[in-house]
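Scroll down for the structure; my scribbles are underneath it.
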Amino acid sequence: MSVTATQKRGLGSAIWDYLTTVDHKKIAHLYLAGGGLFFILGGIEALLIRIQLMKPENDFVSAGLYNEIITMHGTTMIFLAAMPLLLGLMNAAMPLQIGARDVAFPFLNSLGFWLFMLGGILLNCSWFMGGAPDAGWTAYAPLSTTSPGHGVDFYILGLQIAGAGTLMGGINFLVTIINMRAPGMTYMRMPLFTWTTFITSILILFAFPALTIGLFLLMFERLFGAAFFDVSLGGNAIIWQHLFWIFGHPEVYILILPCFGVFSDVFSTFSRKRLFGYTAMVFSTIVIAFLGFMVWAHHMFTVGLGPVANTIFSVATMAIAVPTGVKIFNWLATLWGGRITVNSAMLWSLAFIPSFTIGGMTGVMVATVAADYQYHDTYFVIAHFHYVIVGGTVFGIFAGLHYWWPKMFGRILNEALGKTAFWLFFIGFHLTFFIQHFLGLMGMPRRYWVFLEDQGLDTGNLISSIGAFFMAAGVIIFFINIIYTAAKGEKVSGDPYDGRTLEWSIASPPPHYNFKQLPLVRGLDPLWIEKMEGNGKMTPAEPLGDIHMPNNSFIPFMISFGLFIAGFGFIYHNDNMIGTIAMFGGMAIALLSMLTRSVKDDLGYHISKEELEKEAE
Amino acid sequence: MKGWMGKLKVFSLLGFLALALAGCGKENLTALVPKGYGAHTSMKLIILTTIIMTFVFLVVMIVYVIVLLRFRAKKGQEDYIPKQVEGHIGLETVWTIIPIILLIIIAVPTTIATFKLADDSDAKDHINVEVTGNQFWWHFNYDDEKVQTSQDLYIPTGKKVYLHMKSSDVIHSFWVPAIAGKMDVNAENTNTMYLKADEEGVYWGKCAEFCGDSHSLMDFKVIAVSPDKYEKWVKDMKSFDPDQKPETAAAQEGKDLFKEKNCMGCHAIGSSPIQTAPNLTDFGNRSKLAGVKEPTKENIMQWIQDPESMKPGNKMTGKYPAVSKDEAEKLAEYLMQLKPSDVTPESVSE
């Protein structure tokens, strides 16, 4: 309904609607669109890398530009593509799964998105303003502190702003899940995707502050003359590595845990079975998240921390394989004895199992510290984390998009195109990355702009580059699928898959208030329970009444825009007067917008009972 | 559906391709043909973990294939509702305990190996070399022997050589895959590791920590020679007289130019504490120019005239007056005849 309504109102008002919306479903669209855009950018950067490494001593791009490309590929894919796409899926599905009408803080939700988006745009402006950051996505000091130009400054300010948005998103989801579950939706009845959203939000809450601190130190060092990382002035560069990885390792779980939730829901739905070992699945997620904070130094095995620290972190890292293994086997047991339907969502999920298992295996291998002295900072590590992040996160995002697309837009993605995209991407993925394990051990360190002739690395790199083009073709077909579906896609009912959880109990796309009456939840897979007992739909937990809804607001955009301007100001304030003006002006816009929000009462509005009754007809 | 079997084929084909086409890589570079103590230690663990992990992968894949063959929805099953199983304590315990046991099997040798590799209690009984990482070259100072060199590190076979490593700028990482795993080279502390090579050879070393524009060109060599040859090399290096007259006139002119153009402000020849730029004492014996290029006269001349074209971001560009082609040729002549020892990379490689 909402989609057709906006179309009728014309493009201008549709844009205004999206600029001001606080509806979690529309914010999900924004996250998916923003994340999708950056995913394409990151993908183009990946292709440029693979073209450069297609043959030995290639001169397709210069050394400096290559370093900018690899830095932006990593930064974009992690912060601006994978995370927002996941936040998009969480926004789209989680409130529906717990039977809520929106998230706890709709205003904050909008603010989180616009901070991410404008932070991402700020970072990418660097391409046109003297060069992108070139110190790697990990920005190790002192390379990052001494990098000339403003590239790294864009990295610092862009990520600082985008990171603040993510932190808000995490807090928002936490409060939502704690406070806004429908009657009867106890913690141990929540769908796995909601559980993983919950635990991911905890990880965001505790991991992002470490990044924030690190970025602040880096900012003060580069822009305000501090010397936290400058050894010659008594600083310590290795502190940066600790701060970065105390954030960075939980970040890996922030990326993968939501996808574990997607797969759990998809496997359960399409094998028509309850998730096997639900309790174990929940607790293994918690254990993974907890251990995720205890293992950051495995990124630093070669730093010289000494054998005691190295082995402790090595063993702690290996321990993560246990709960992860439990998950893999529980998924297999969920499928076992089921009635498995293989559609696109299921294809991505099924492909995840072997791909991610390989990523997990190499995970244990790189955790083996004395062997990691060989793997570390080589293409073996590149292969390992792409197996985890592509084979886990990207597969999970595609599975989630296919799975929830009909819920989000009322139309189901085309199956033929979906499967073609999958096979191209899947084959391309293994072609690209499997061989890289060997390249690493054969002596190819990561972040190499060129590799030399006659070092036995030519064939492997060529195969890898060919695979990248298969992946690109798969992604292009997926985007064609989106356009095709928007134009001619098959319309579906609210429950196209014989679903099990609450989101399938309402229309597709859902009305903007989601649930006319909050549902009464009587167990795990609440909709399935009602179906099995012959009710077919949820029993309401409340009589039909007025629904309180939040008002749209332009303030989140203004706050973010103010910080965006201030970002440029911070970067250029040492160079010229305009920079200083932008710094103070931008902060003024942001703070005045916040003040407006604080002093202006916004009580929202009510959808009356009569309107709801009329809509039902 | 046919796709699933196809996928398995793709898998095995990929693995086969990877091994068959690429082999194990170039000898004396690849970590897969270990020729030193550290590399052997790592390789043993690589093999152990690969075997265990392959076993785990096979178990997962067997279950996976059975699931996909047996439980796909068949025609006429549209209304079939499978049994809703909650879980199985026994099974879940099994797939928790077995991985723990497997991990213990890995963790114990890992711990032992890690402590062995980190043990430097006997360093003073062995050869000690101070290693300095610089953008984008390596300096080696044999402090006890009073010998300095850059880019080519000479070590005796079968003996431990301790490296005490520090960076002069950003973080680098010292990696000779065929002999030992890598260790970071930081600015704030000295990291110690040791090399112990099995046999004579010229081994490729690489910088493994992203360090700027020419990170990928920061190669060096470890030249492992028999202990006798090593002793001779040290003696030759020590007795080298930087003031001795070159044989040809062109080289003599080059030697004068070296002084005139103030090359010696940064580059030392002979034993010297100067390490602003690579020590050139045995330049004529180096296996590569600037770590990666063939040391031909043309390349050396190009380097002298325009180092930026060969190693972007290097610290030599713009630090010296312009050099004409003729002058570059004379400088190259001089540098190429700097051969203090007949223990050279060529003498061990073929």
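Sequential numbering from 1, following the chain as shown.
Every residue gets a Cβ built from N, Cα and C, even glycine.
The domain 'Cytochrome oxidase subunit I profile' annotation in TrEMBL covers A:10-522.
Residues or ranges marked as transmembrane segment in TrEMBL: A:111-130 (among others).
Taken from TrEMBL, the feature transmembrane segment covers A:154-180 (among others).
Feature annotation from TrEMBL assigns transmembrane segment to A:192-219 (among others). Here the transmembrane segment (A:192-219) has long-range neighbours at 86, 90, 93-94, 97-98, 139, 141, 144-145, 152-153, 156-157, 159-160, 163-164, 166-167, 169-171, 173-174, 177, 226, 228-229, 239-240, 243-244, 246-248, 250-251, 253-254, 257-262, 264-265, 268, 275, 278, 281-282, 285-286, 289, 292-293, 570, meaning same-chain residues at least 6 beyond its ends whose C-beta is under 8 angstroms from one of its own.
Under the heading transmembrane segment, TrEMBL lists A:239-263 (among others). Counting same-chain residues at least six beyond the ends of the transmembrane segment (A:239-263), those with a Cβ under 8 angstroms from any Cβ of the stretch are 78, 82-83, 86, 89-90, 138-141, 144, 191-197, 199-200, 203-204, 206-208, 210-211, 213-214, 217-218, 228-229, 285, 288-289, 292-293, 295-300, 303, 327, 331, 349, 352, 385, 388-389, 392-393, 395-397, 399-400, 403.
Per TrEMBL, the feature transmembrane segment maps to A:275-296 (among others).
For the transmembrane segment (A:308-333), the list of distant contacts is 260, 263-264, 267, 275-277, 280-281, 283-285, 287-288, 291-292, 294-298, 301, 353, 356-357, 360, 363-364, 367-369, 372: same-chain residues at least six beyond its ends, Cβ to Cβ under 8 Å. Feature annotation from TrEMBL assigns transmembrane segment to A:308-333 (among others).
Within the same chain, residues 259, 262-263, 266-267, 270, 298, 314, 317-318, 320-321, 324-325, 328, 331-332, 375-376, 380-381, 383-385, 387-388, 390-392, 395-396, 398-400, 402-403, 418-419, 422, 426, 429-430, 434, 437 sit at least 6 positions outside the transmembrane segment (A:345-367) and bring their C-beta atoms closer than 8 Å to a C-beta of that stretch. Annotation source TrEMBL lists transmembrane segment at A:345-367 (among others).
Within the chain, the transmembrane segment (A:379-401) has long-range Cβ neighbours (under 8 A, six or more residues past its boundaries) at 32, 77-78, 82, 85-86, 89, 93, 252, 255-256, 258-260, 262-263, 266, 344-346, 348-349, 351-352, 355-356, 358-360, 362-363, 365-366, 413, 421-422, 425, 429, 432-437, 439-441, 444-446, 478. Marked as transmembrane segment by TrEMBL: A:379-401 (among others).
Long-range contacts of the transmembrane segment (A:422-442) within the same chain, counting only residues at least 6 positions beyond its ends with a Cβ under 8 Å from a Cβ of the stretch, are 50, 344, 347-348, 351, 355, 358, 362, 374-375, 378-384, 386-387, 390-391, 398, 455-457, 460-461, 463-475, 477-478. Feature annotation from TrEMBL assigns transmembrane segment to A:422-442 (among others).
According to TrEMBL, the transmembrane segment annotation covers A:462-484 (among others).
Positions annotated as transmembrane segment by TrEMBL: A:554-572 (among others). Long-range contacts of the transmembrane segment (A:554-572) within its own chain (CB-CB distance under 8 A, at least 6 residues past either end) are made by residues 19-20, 22, 107, 110-111, 113-115, 117-119, 121-122, 125, 150, 153-154, 157-158, 160-161, 164-165, 219, 223, 578-594, 596-597.
Sequence annotations record features per position, and here TrEMBL assigns transmembrane segment to A:578-596 (among others). Same-chain residues lying 6 or more positions outside the transmembrane segment (A:578-596) and placing a CB less than 8 Å from one of its CB atoms are 555, 558-572.
Long-range Cβ contacts of the transmembrane segment (A:462-484) within its own chain (Cβ-Cβ under 8 Å, at least 6 residues beyond either end) map to 36, 39-40, 43, 46-47, 50-51, 53-55, 398, 413-414, 417-418, 420-433, 435-436, 439. Looking at the domain 'Cytochrome oxidase subunit I profile' (A:10-522) alone, the prediction's average pLDDT is 96.
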